[in-house]
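Feature annotations, reproduced from TrEMBL:
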- 58: NADPH binding site (BINDING)
- 71, 72, 73, 74: NADP(+) binding site (BINDING)
- 6-100: domain 'Pyrroline-5-carboxylate reductase catalytic N-terminal' (DOMAIN)
- 163-264: domain 'Pyrroline-5-carboxylate reductase dimerisation' (DOMAIN)
């Protein structure tokens, strides 16, 4: 059954490309079963290099594939939905990756009863360590949600959530990847300042983040508990944490998540 699944992408930008690379890397879908459409060859060349099929015709994707990801820019989507609407049938499962566009709006622009889900991935899906959340529209069943979850779990963490969490996920994880890179860069630069070569410092910073994250996931412990475990009385860690608190690290990061979440909400209003 899974071998037969044909997966289509309407729009072939970075978000869709990351997801496809993760799926191919996991061996979930053969490249020959993937068809992507975009108006120009600018993005499609990369898909062809991966072995995927490509087209300039959005309708062709609907005719060929039962599972269709919408991955256009938000302002382009209404026009694209108008174009593909006549080809959308009850056998289609339509998954939108488009930032800020609600399930309600998607359902309004597609035929009544269309099975629609809304998904927000993040960049590390490329290396199968993504964090994804999705919500389903009124037409989508438990089976539809399970199909999507099974497929995408090969690209990382994938959870079904209320739709109101999707913009928060964007602020926490979609944009959050960049906050982590900034922190990793600062960690490594601190080590360079103290005399360690840059390449080594960057590798150790990355492994430190990976290890800390893995412990959070595998122990299920609250990060404050794990942080406490590293601190010994009068030791190096508590001296360092005092400096981070003086710099208001926590408040700053909370503000960043809030700012990105609000921006994600605004994108939907535009």
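Every residue, even glycine, has its Cβ placed from backbone N, Cα and C.
Neighbours of the NADP(+) site: apart from 71, 72, 73, 74, residues of the same chain with C-beta atoms within 8 angstroms of the site's C-beta centroid are 11, 13, 70, 75, 76, 77, 80, 97, 98, 99.
Of all Cβ atoms in the protein chains displayed, 26 besides its own lie within 10 Å of the Cβ of residue 71 (NADP(+) binding site).
Averaged across the domain 'Pyrroline-5-carboxylate reductase dimerisation' (163-264), the predicted model reaches a pLDDT of 96. Broken down with DSSP, the domain 'Pyrroline-5-carboxylate reductase catalytic N-terminal' (6-100) shows 43 helix, 19 strand, 33 coil.
Distance noted between the C-alpha atoms of residue 58 (NADPH binding site) and residue 74 (NADP(+) binding site) is 16 Å. Using a 10 Å Cβ-Cβ cutoff, residue 74 (NADP(+) binding site) registers 13 neighbours.
DSSP assignment over the domain 'Pyrroline-5-carboxylate reductase dimerisation' (163-264) gives 87 helix, 0 strand, 15 coil.
The Cβ of residue 58 (NADPH binding site) has 21 neighbouring Cβ atoms from other residues within 10 Å, across all protein chains displayed. Close to residue 72 (NADP(+) binding site) in the fold, though at least 6 residues off in sequence, lie 10, 11, 13, 80, 98, each with a CB less than 8 Å from its CB. Its Cβ taken as reference, residue 73 (NADP(+) binding site) is surrounded by 11 other Cβ atoms within 10 Å in the chains shown.
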